[in-house]
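Visitor: Quick one: this structure, given as structure tokens, is what I'll be asking you about.
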Amino acid sequence: MKFCAIFVLFIVLAINGYDCKIVQFIFGDSLSDVGNNKNLPRSLATANLPFYGIDFGNGLPNGRFTNGRTVSDIIGDKIGLPRPVAFLDPSMNEDVILENGVNYASGGGGILNETGGYFIQRFSLWKQIELFQGTQDVVVAKIGKKEADKFFQDARYVVALGSNDFINNYLMPVYSDSWKYNDQTFVDYLMETLESQLKVLHSLGARKLMVFGLGPMGCIPLQRALSLDGNCQNKASNLAKRFNKAATTMLLDLETKLPNASYRFGEAYDLVNDVITNPKKYGFDNSDSPCCSFYRIRPALTCIPASTLCKDRSKYVFWDEYHPTDKANELVANILIKRFDFMRADDGISHAPSPAPDISPSSDNN
């Protein structure tokens, strides 16, 4: 799971008459999506129907893949930051970017372009980076290159994805990656790709960046439902551990090589695993099945109006087959706030801007 420290104290800077804040730019998947896929007309990975959003605002679906808030929402709120707006939100413009930052996260997206292809439309990380480059062009036109460079270099960046590259790619025989690689070579492939992506983000100004690790993927309700005995699938969870270990090493290496880079890895595996293993310790009654399900039909994959809801959503760790409930997200957010020393605006680093490189091409339907 993926999320922490996308949050900073506000420092107001006078930029050509604008009050430019230090903001967040979030890159991720459905755990961080706040409405991008809602605006992708052909996407099969959406949270557009009830009962998604039932405990958020007016109770209507808003694009978040949960009943309430994401972890990013909760941490940002507690630190006092505005929520970054979804890139595809109709309200998006230059002023919104300068005031709130942007969330590019997309349900079904992965580090690899090929991940989640059967969802038809989703933003891979490469695509999200391309969109970010477009955001930069818009801001440069608004406030000028010098001030735009400072704005983007002062911003905070979060990269929180990777589980789809396993669950909706490598672990599915319909994808060629499942038979082209073994466990270690696939993780190596992911690390090579992610390293290239982080280097691109650095060249685009990302100096303060956090990558979040994966949780025990084999213990989400979907993976349990697909197992023979209803227990966690160790293969998937062990892949998450491999990913986390490799990402930690890669980030430490990158930080020493890239000028003025402050890169951190947010490890959450042990925390989430403990919540799932010992739910009552954290106030939950159920950690192995979704609150929103289609009667006894499992896996239901998504929550729909015909689904049935559990009696008390606050007692369930999982909202649907993939995603945590608002209550679980709140627990994780609170523990992460205590665990990590968040990157703040007042520890800024001065640096010279780097030229933007060519972006690796993304597939047409990303």
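Backbone N, Cα and C atoms are what each Cβ position is placed from, and that goes for glycine too.
So Swiss-Prot lists these for the protein:
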SIGNAL    1-20  signal peptide
ACT_SITE  Ser30  active site, nucleophile
CARBOHYD  Asn113  N-linked glycosylation site
CARBOHYD  Asn260  N-linked glycosylation site
ACT_SITE  Asp320  active site
ACT_SITE  His323  active site
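Situate these features within the shown structure.
Guide: DSSP gives Ser30 (active site, nucleophile) a coil state; it is part of no helix or strand.
DSSP assigns Asn113 (N-linked glycosylation site) to coil, not to a helix or a strand.
In this view, Asn260 (N-linked glycosylation site) is surrounded by 14 other Cβ atoms within 10 Å of its Cβ, with every protein chain counted.
Asp320 (active site) carries neither a helix nor a strand DSSP state and counts as coil. Residue density at Asp320 (active site): 28 other Cβ atoms are found within 10 A of its Cβ, drawing on all protein chains shown.
Non-local neighbourhood of His323 (active site): Ser30, Leu31, Phe65, Thr66, each in the same chain, at least six residues away, with C-beta under 8 Å from its C-beta.
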Visitor: For a quick check of understanding: among the recorded positions Ser30, Asn113, which residue's Cβ has the most other Cβ atoms within 10 Å?
Guide: Ser30
Visitor: Measuring Cα to Cα, how many angstrom lie between Asn260 (N-linked glycosylation site) and Asp320 (active site)?
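Guide: Roughly 41 Å, rounded to the nearest whole number.
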Visitor: Asp320 (active site) to Asn113 (N-linked glycosylation site): how many Å between their Cα atoms?
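Guide: On Cα coordinates alone, these residues lie 25 Å apart.
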